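Worksheet: the structure to be examined is printed underneath.
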Amino acid sequence: MAKIVDIKGREVLDSRGNPTVEADVLLDNGIIGSACAPSGASTGSREALELRDGDKSRYLGKGVLKAVANINGPIRDLLLGKDPADQKALDRAMIELDGTENKAKLGANAILAVSLAAAKAAAQDLDLPLYAHIANLNGTPGQYSMPVPMMNIINGGEHADNNVDIQEFMVQPVGAKTFSDGLRMGTEIFHHLKAVLKARGLNTAVGDEGGFAPNLASNEDALGAIAEAVEKAGYKLGTDVTLALDCAASEFYEDGKYNLSGEGKSFDAEGFADYLKGLTERFPIISIEDGLDESDWAGWKILTDKIGEKVQLVGDDLFVTNTKILKEGIEKGIGNSILIKFNQIGSLTETLEAIQMAKAAGYTAVISHRSGETEDSTIADLAVGTAAGQIKTGSLCRSDRVSKYNQLLRIEEQLGAKAVYRGRAEFRG
């Protein structure tokens, strides 16, 4: 049984040019596991705390030297000599050492980087692919599936400098037979969308997650452009390819109103639920994330009652990968799916617990990146190892996004005939 002999933290950069935390976990047999913590732009108020320095003279206050010092000091001292394969014990020890509800003392970014690095070191020590080790930790050994990618090809909201209010417009290749076929379909649509936008005289620069970020007349206009690109790529919208939205509604919710400034419209909760319902009737939208504000549980209930039987309603800012909040949502019949982001909760163990709780309640779990990413591709292994069935990791450009897709291609190749891709069966309705 290998032991942890050293842990090193360092400050590295994410895809937005902001500092983030990387950790190495070194074992007594020479194995090293490394992992980076991602960072979000539109964040839920109840997320675990990302510890930043606040020193305006360095990186405009966004440095992470405090988190790095916590890795190189108290976390290292705590975990030296421990078994890297005992993930639960490592994570619980760090959570206990932190002692706060939201990991404010050590920083969720510090704890998460070490948690994931330990898992990677353990997988190498056990001579297992990371996804197989994660499946074992999840209590589902050998139960894998390739996720349907939700590819964010038009960016708005906090992820782009344009007038589009909804944050993400995604395509899902639900009619593909394999993950690699689905990825190819999405890529072809992405390139056709560029041509569609160019033909309209629109900007084809990309946003934080690699999707195009033009100014458009309305959210419906964005959906129309994607529909045209799907058709030009030779696919049938609604059969081969479906659509998904991430409204990130908390970003345009104020004083009980949902304000679509790009369209000059304002709604109460019921009105905005009706607006979204209307979009699902005009386009084959089968998934909507954060359709209402994270605090508007009454509004969420209205939306769930209106379209929850047919549409996947994903809680991101709503549930923040937190089992306490998810449990309450399940009991109240709020939404029917959870977005899974490691750094919202801050450890691999707690992430797996959220996925398990969701699945036990009949909720789906969508594995997700953050808008501030690195080359770390752990979420690809998480999606396969938990058989989550869906992954959100951005568009088809920018290496911080494509690194996850490329890892999924490698895993599909490794799994061979066991690389199950369920397509439309992963969704409601």
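Glycine residues also receive a Cβ, built from the backbone N, Cα and C atoms like all the rest.
Per Swiss-Prot, these features apply:
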type	residues	note
ACT_SITE	GLU209	active site, proton donor
ACT_SITE	LYS341	active site, proton acceptor
BINDING	GLN167, LYS341, ARG370, SER371, LYS392	(2R)-2-phosphoglycerate binding site
BINDING	ASP246, GLU289, ASP316	Mg(2+) binding site
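Cβ environment of GLU289 (Mg(2+) binding site): GLU168, ALA244, LEU245, ASP246, CYS247, ALA248, LEU313, VAL314, GLY315, ASP316, LEU339, VAL366 lie under 8 Å away, each six or more residues apart in the same chain.
Around the Cβ of ASP316 (Mg(2+) binding site), a 10 Å sphere holds 29 further Cβ atoms from the protein chains shown. Other than ASP246, GLU289, ASP316, the residues of this chain whose Cβ falls within 8 Å of the Cβ centroid of the Mg(2+) site are, in sequence order, GLN167, GLU168, LEU245, CYS247, ALA248, ILE288, ASP290, VAL314, ASP317, LEU339, SER368, LYS392. For the residue listed as 'active site, proton acceptor', the same-chain residues that are 6 or more apart in sequence and have a Cβ closer than 8 Å to its Cβ are PRO38, GLY40, ASP316, VAL320, THR321, SER368, HIS369, ARG370. Neighbour counts of Cβ atoms within 10 Å were compared across the binding-site residues GLN167, SER371; the minimum falls on SER371.
The Cβ of LYS392 ((2R)-2-phosphoglycerate binding site) has 29 other Cβ atoms within 10 Å, all protein chains considered. LYS392 ((2R)-2-phosphoglycerate binding site) sits 10 Å from GLU209 (active site, proton donor), taking the CA atoms of both as reference points. When the alpha carbons of SER371 ((2R)-2-phosphoglycerate binding site) and the residue listed as 'active site, proton donor' are compared, the span between them is 6 angstrom. Between the candidate recorded positions, GLU209, ASP246, the densest Cβ environment within 10 Å is the one around GLU209.
DSSP gives ARG370 ((2R)-2-phosphoglycerate binding site) a coil state; it is part of no helix or strand. Across the structure, GLN167 ((2R)-2-phosphoglycerate binding site) and GLU209 (active site, proton donor) are spaced 10 Å apart at their Cα atoms.
According to DSSP, LYS341 (active site, proton acceptor) is assigned to coil rather than to any helix or strand.
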